[in-house]
Amino acid sequence: MTDILNLTYEELEAFMTAELGEPRFRARQVWQWLWQKCARSFDEMTNVSKATRARLAEKAVITWPEVETVQKSADGTTKFLLRLADGALVETVLIPSASREGTLRITQCLSCQVGCAMGCTFCSTGTMGFERNMTMGEILGQVLVARAHLGDSRPDHPILRNLVFMGMGEPLLNLNEVMRSLRTLNDEFGLSFSPRRITVSTCGIEKGLRELGESGLAFLAVSLHAPNQEIRKRIMPKAAHWHLDDLITALESYPLKTRERVTFEYLLLGGVNDGIEHARELVRLVSRTKGKLNLIVYNPAEGDPYDAPTPERILAFEQYLWSKNITAIIRKSKGQDIKAACGQLKASELQRGTASAGADAPEA
């Protein structure tokens, strides 16, 4: 059986014509039902003939992730633990904010791998190890779950406004499925997200950077977190295989649109990378590119190997960057009361023994 959510539009068109003997326009109808109307069954596709729906049901399935756990923070952040068809667990987070007009808008943080191979020592997902890549259908299934949860089926005026590939996994190590996902996200007859509303975050893997940039399908964010190679080796051991100097050199020629900048994510770890000497090194790196900095304050949980930086060090770090004409914004952490950081909810479920593969999952 073909999981139809794993097909690009071109693949769906070929499936409909070759496998079902349908005219090409039928693929467009099915495609819009899948991605714009969030259909979970072929029976919902009321402008498709019953005979065609029956043939679709014989040869294809629509597989959404099942919702295992939902947690909502006092600040409105909502975290989902999702079970995939093979029992694997991934997380996605909905982060609310208000527009300038005061209307609600949601940013969704997406996972692209089950686990992660990068082994970053400050990240809960990094301690779990890597299981497998997610498919396009599994990646985009997170968006379908979010839209269903929000009652958001209005492509002309959606509540779900922005998508960030900053959940579990390294996008550039699953480049093929991530790129397939981005094309469907950008498709005006698909999920219809503007590239300006999508950000792909990488630990700094050079391979795939240029392909992502030349595609124009999303903005780029780089999880930097270290001002020099020595600290990078210590806190991001796998990412350190790609030297910082080589990464910055690659970013110097990264294709950017007018007024577009690379966003550098920098997690402030108390006593590790939050000193003025680190800020000086950071300026030397970032000033080589058209970049800006998001400063993230580490929020330790019990048993974590790092401490939060003091307010004084945070302020001094930020002010030094601004004094050197580096745009630096302290990003507010949300969902701290529900373990909204990457991998924390899955880790807590595993510790309780409720997330074993193959366990029964409730309906979404």
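Placed from the backbone N, Cα and C atoms, the Cβ positions cover glycine too.
Per Swiss-Prot, these features apply:
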type     : residues                                               : note
ACT_SITE : Glu91                                                  : active site, proton acceptor
DOMAIN   : 102-337                                                : domain 'Radical SAM core'
BINDING  : Cys116, Cys120, Cys123                                 : [4Fe-4S] cluster binding site
BINDING  : Gly169, Glu170, Ser201, Ser223, Leu224, His225, Asn299 : S-adenosyl-L-methionine binding site
ACT_SITE : Cys342                                                 : active site, S-methylcysteine intermediate
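Structure with Swiss-Prot features highlighted.
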residue: Cys116; record: [4Fe-4S] cluster binding site; CB count, 10 Å: 27
residue: Cys120; record: [4Fe-4S] cluster binding site; CB count, 10 Å: 21
residue: Cys123; record: [4Fe-4S] cluster binding site; CB count, 10 Å: 22
residue: Gly169; record: S-adenosyl-L-methionine binding site; CB count, 10 Å: 28
residue: Glu170; record: S-adenosyl-L-methionine binding site; CB count, 10 Å: 28
residue: Ser201; record: S-adenosyl-L-methionine binding site; CB count, 10 Å: 22
residue: Ser223; record: S-adenosyl-L-methionine binding site; CB count, 10 Å: 23
residue: Leu224; record: S-adenosyl-L-methionine binding site; CB count, 10 Å: 27
residue: His225; record: S-adenosyl-L-methionine binding site; CB count, 10 Å: 25
residue: Asn299; record: S-adenosyl-L-methionine binding site; CB count, 10 Å: 12
Among Cys120, Gly169, His225, Asn299, which are recorded as binding-site residues, the nearest neighbour of Glu91 (active site, proton acceptor) by Cα: Gly169
Closest of Cys116, Cys120, Cys123 to Leu224 (S-adenosyl-L-methionine binding site), Cα positions, binding-site residues only: Cys120
Number of other Cβ atoms within 10 Å of the Cβ of the residue listed as 'active site, proton acceptor' across all protein chains: 28
Integer Cα-Cα distance in angstrom, Gly169 (S-adenosyl-L-methionine binding site) to Cys116 ([4Fe-4S] cluster binding site): 5
Reported mean pLDDT - the domain 'Radical SAM core' (102-337): 93
Farthest-apart CA atoms of Gly169, Glu170, Ser201, Ser223, Leu224, His225, Asn299, residues recorded for S-adenosyl-L-methionine, distance in Å: 22
Asn299 (S-adenosyl-L-methionine binding site) to Cys116 ([4Fe-4S] cluster binding site) - Cα separation in whole Å: 21
By Cα-Cα distance, the member of binding-site residues Cys116, Cys120, Cys123 nearest Glu170 (S-adenosyl-L-methionine binding site): Cys116
Ser201 (S-adenosyl-L-methionine binding site) and Cys116 ([4Fe-4S] cluster binding site), Cα-Cα, nearest whole angstrom: 13
Ser223 (S-adenosyl-L-methionine binding site) to Cys123 ([4Fe-4S] cluster binding site) - Cα separation in whole Å: 12
DSSP state at Ser201 (S-adenosyl-L-methionine binding site), helix/strand/coil: strand
